[in-house]
Protein chains: 2
Amino acid sequence: MNRDWIGSWDRLRVDWRASVGLVGTVVKYLAGAFLIPLAVALYYGEDVLTFIASLVFAIVVGVALERADPDPELGAREGFLMVALTWLVVAFVGMMPYLIAGIVGTESTLARPENALFESMSGFTTTGATVMGDISFDRHSHALLLWRQLTQWLGGMGIIVLAVAILPELSVGGAQLMDAEAPGPGIQKLTPRIAKTARVLWIAYLGFTLLEMVLLYGLHLLGLAPNMGLYNAVSHALTTLPTGGFSPEARSIEAFSAAVQWVIIPFMVVAGTNFALFWHCVTDGPKRLLNDTEFQAFTGIIAALTAIVAGQLFFGIGLQAIPVDGFSFSGKLEASVRHAAFQIVSIVTTTGYASMDFNTWSAPAKYVLLFGMFIGGSAGSTAGAIKVVRWVVVLKSLRKELFTTVHPAAVAPVRLNGNPLDERTIRGIYAFTLLYLVFFFVGVVLVIADAWRVGHYLSAFEAMSAVAATLGNVGPGFGSVGPMNSYLDFPLTSKLFMVFLMWIGRLEILPVLVLLTPAYWRT
Amino acid sequence: MNRDWIGSWDRLRVDWRASVGLVGTVVKYLAGAFLIPLAVALYYGEDVLTFIASLVFAIVVGVALERADPDPELGAREGFLMVALTWLVVAFVGMMPYLIAGIVGTESTLARPENALFESMSGFTTTGATVMGDISFDRHSHALLLWRQLTQWLGGMGIIVLAVAILPELSVGGAQLMDAEAPGPGIQKLTPRIAKTARVLWIAYLGFTLLEMVLLYGLHLLGLAPNMGLYNAVSHALTTLPTGGFSPEARSIEAFSAAVQWVIIPFMVVAGTNFALFWHCVTDGPKRLLNDTEFQAFTGIIAALTAIVAGQLFFGIGLQAIPVDGFSFSGKLEASVRHAAFQIVSIVTTTGYASMDFNTWSAPAKYVLLFGMFIGGSAGSTAGAIKVVRWVVVLKSLRKELFTTVHPAAVAPVRLNGNPLDERTIRGIYAFTLLYLVFFFVGVVLVIADAWRVGHYLSAFEAMSAVAATLGNVGPGFGSVGPMNSYLDFPLTSKLFMVFLMWIGRLEILPVLVLLTPAYWRT
Ligand SMILES: [K+]
Ligand SMILES: [K+]
């Protein structure tokens, strides 16, 4: 079986040409996306060559890849390969503006290819971890920073397709729990139906994005958000719905008024909710949303954790030290609740915005946030990490495990929204959750060892937050990777490893791991 | 169902009187164990009243508890309760010598009840974490320090019964994989068979203990271990086989010669091996031991991790700083291999001895050790933590998960030693492993928050090592809980929490959690 591995591509059982061909089509669409920053560059009178060059590059790559198979037909296997390749190739093509502008423009950390790749992968995976040393219009054009925001919004669209079309295919990991209309035996048979579902969810995605844009800009027009001009309103709406978290402001949402922070909170909650449920709201009313077990758990977790942190801040025990600006929350109810709610929602939904530097919080408050990084939003949303529905099933299953210990003969299936789950689904969810934690642990050790290699002592807490924030597509962590800092100081090897973590985490690990099994390729 | 909870003990479906009665019998046997330190105290001319008082106390408690049910008959449910109660009650009775000697004798940290309880629970759970501020004969009698060693040896005997009689009963957690002769439908039907199996394993346990004692004392007589007198030989043999790790020497096994360290290594490996396999060696030859999947994985892991750490030490990159005594291992092959092998075996088998202060090791080497704390020895040994067989099944199952993703129709059961495992066993193993990690994470957060509460900043690394070392019954951790330090500085609440972790970790979590379900008590 291994003997004739090399030179036997034609005997592979997976039609890799079809996958590559379809990736080419995606890259061609991506070329079209470069028109938006190009238009912005024209408006602001900024460098346009960067985007023209990127656009041409994308078309060339797209057309070249499409030639692998001009008329691709995808089965389930080709679907996995296509998804894994798409995020990789798109990240490489999407890094071009950073690289070109970094080399020909003002001096920038993004002139180094690994940094440009990191920033691009962080964008398309909606992670929001950054290696931009200095986020400002002095150093980067409006067009380039908008491109950075746009990568997240495009990544979010990709994730919706992923959740609708690819993950339900992979019954491992329990992704089939996504309450969409799509699950079925094979991709090619379902294409029209998937396309319809994806379109419906994209409409919701686009609609919420526009609504947030209008509300944010409306606050500005009402005088409640002086610096939330049109550029900022567009920029932040583009990174809220994909739970992205990039901001053209160096200090993230701290730069804006309390009103802005209050408006963004519900949109982050929406972004972390199963989009299919909104569609049900439109067609059947809100009952199904409100009765959904995952939605109840998701909002319940947010409320509980917010209450804990708000209490800490309000009673003055939530801060390790008074924050830089000399402001304390002790006894200030609105500010305590706002920052607690904002930060908990931002982390649990894996958005990664910051309404303040939560590095200044006390150890217990920070650990609540670290804990939150593993929860993730809902399945069928743009959120990353493990996801609420998996935790719900794990906890229900553990409870059942205890019950059947006492009653070995009892037959009591684990139910979700009233439907019994089969053993295979539950085992798949356990497997995913455990795999996620194993990747996390191994990742932490590798990142610490790599930092130690170059003489940098990285604390376990920093390393854990960095790995949880990249693997879970959260973005910022703590300490040197805090919300007001960056991932710039990591060695090259760690950056490439984190690019891998963002990639594999975004694709829910298993579709990538499957590609590493011989059975995928040969039998 | 909850309405008439109070005052309805008689309607409980579990015969708690039988469990309590049997715990009384165990405590009566424990009273007999006090005769050993009593004899030692007489020999050294030390305080005997401590042990006489403890003995009387144990008899009184034992007899009183036995009265609950003079002729107990145990079913499976009563078995869980009895096990959970046994370790609790024994820890409380076993703390008496510490408490009495601490109050009436030389000033000692053990005069405080929470410290005495911690030390006692650490002993009987074979954890080996200590809160003795100053381990020396200036402050503690030979008899008391021997009692401390003896608690671990007795705890190890208890664990063998647990592995043979109780855990196989609990098919959750995959404990039925223990290759003993015992698994079956109910405890009362199996008592004679269990008693026979336990007796066989106890003979192996006793035999290895005596062999180690003889070898250690032999080294002394040959002049290869100047300070390994009879007292030390007995003391260390008593804590190796139960993977205990207590030592009457403040600097653990660092206090002894290289020859002693080399002799202890294989005994730790034996202690971490499934004892039933040794019995098969006696009856059928070594074939079954050598072909056993778990044994192969266990020794393979030890060899691989030892090679990694020995390489680091040998090439001079394994030490953060030159250790206190000014000694470096760079280029010293024997010392590098010895310390790497000793420390890896000590941690992976959850023994917890130290051949040097591994706090001085580099970050990567220390993380290898922290990683090792989660592996644990084999099922059916006295080791704690998750255990090798569970990791083997988890990895095999994950591989199968990937395979069935590609081949949804394939029926390929996960096999262990050639035997197919059923879905329920695999799910049970996933559940246990995940539950263990959840307890770990939550434990780390609670310990850090509690330390923060009293104004002590505990690093994530220290806290992780402390929780992994108590929940996994390893003993020492890193930093302030390193092998040459102690758990003394934790606040009362953390100490009690760690007593809980040692207890629940030792009992493999589920038998205790079962007691917390209403179904256990009422239906
Ligand atoms: K994010
Ligand atoms: K131990």
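Placed from the backbone N, Cα and C atoms, the Cβ positions cover glycine too.
All TrEMBL annotations are machine predictions without curation.
The transmembrane segment annotation in TrEMBL covers B:20-42 (among others).
Distant neighbours of the transmembrane segment (B:48-68): 16-18, 20-21, 23-31, 34-35, 37-38, 41-42, 89, 93, 96-97, 100-101, 104-105, 143-144, 147; these residues of the same chain sit at least 6 beyond its ends, with a Cβ under 8 Å from one of its Cβ atoms. Annotated transmembrane segment per TrEMBL: B:48-68 (among others), in sequence order.
Listed by sequence, the residues of this chain that lie at least six past the ends of the transmembrane segment (B:80-100) yet keep a Cβ under 8 A from its Cβ atoms are 14, 16, 18-20, 22-23, 26-27, 30, 34, 37, 49-51, 53-54, 57-58, 61, 65, 74, 108, 110-111, 113, 115-117, 119-121, 123-125, 144, 147-148, 151, 158, 162, 166, 170, 499, 503, 506-507, 511-512, 514-515, 520. Sequence annotations record features per position, and here TrEMBL assigns transmembrane segment to B:80-100 (among others).
Same-chain neighbours of the transmembrane segment (B:150-168): 30, 33, 36-37, 79-80, 83, 86-87, 90, 94, 120, 123-126, 128, 175-176, 178, 180, 182-184, 187, 190, 194, 197-198, 201-202, 205, 209, 238-239, 241-246, 275, 379-382, 506-508, 511, counting only residues six or more beyond its ends whose CB sits under 8 Å from a CB of the stretch. The transmembrane segment annotation in TrEMBL covers B:150-168 (among others).
Taken from TrEMBL, the feature transmembrane segment covers B:200-222 (among others).
Per TrEMBL, the feature transmembrane segment maps to B:259-283 (among others). Distant neighbours of the transmembrane segment (B:259-283): 160, 163, 178-181, 197, 200-201, 204-205, 208, 212, 215-216, 219, 224-225, 228, 236-237, 240-243, 253, 289, 292, 294-295, 298-299, 302, 338, 341-342, 345-346, 348-351, 353, 355, 377-383; these residues of the same chain sit at least 6 beyond its ends, with a Cβ under 8 Å from one of its Cβ atoms.
Here TrEMBL flags B:295-317 (among others) as transmembrane segment.
For the transmembrane segment (B:337-356), the residues of the chain that approach it from at least six positions outside its boundaries are 126-129, 239-240, 243-245, 247, 251-254, 258, 261-262, 264-265, 268-269, 271-272, 298, 301-302, 305-307, 309-310, 312-314, 318, 323, 329, 368-369, 372-373, 375-377, 381, 383-385, 469, 472-476, 483-484, judged by C-beta separation under 8 angstroms. If you look up TrEMBL, you'll see B:337-356 (among others) marked as transmembrane segment.
According to TrEMBL, the transmembrane segment annotation covers B:368-393 (among others).
The transmembrane segment annotation in TrEMBL covers B:429-449 (among others).
Counting same-chain residues at least six beyond the ends of the transmembrane segment (B:456-476), those with a Cβ under 8 angstroms from any Cβ of the stretch are 122, 125-130, 243-246, 347, 350-352, 354, 366, 370, 373-374, 376, 383-386, 436, 439-440, 443-444, 447-448, 482-483, 485, 487, 489-491, 498, 501-502, 504-506. Taken from TrEMBL, the feature transmembrane segment applies to B:456-476 (among others).
The transmembrane segment annotation in TrEMBL covers B:496-521 (among others).
Highest Cβ pair count under 8 Å relative to the transmembrane segment (B:295-317), across stretches B:20-42, B:368-393, B:429-449, B:496-521: B:368-393.
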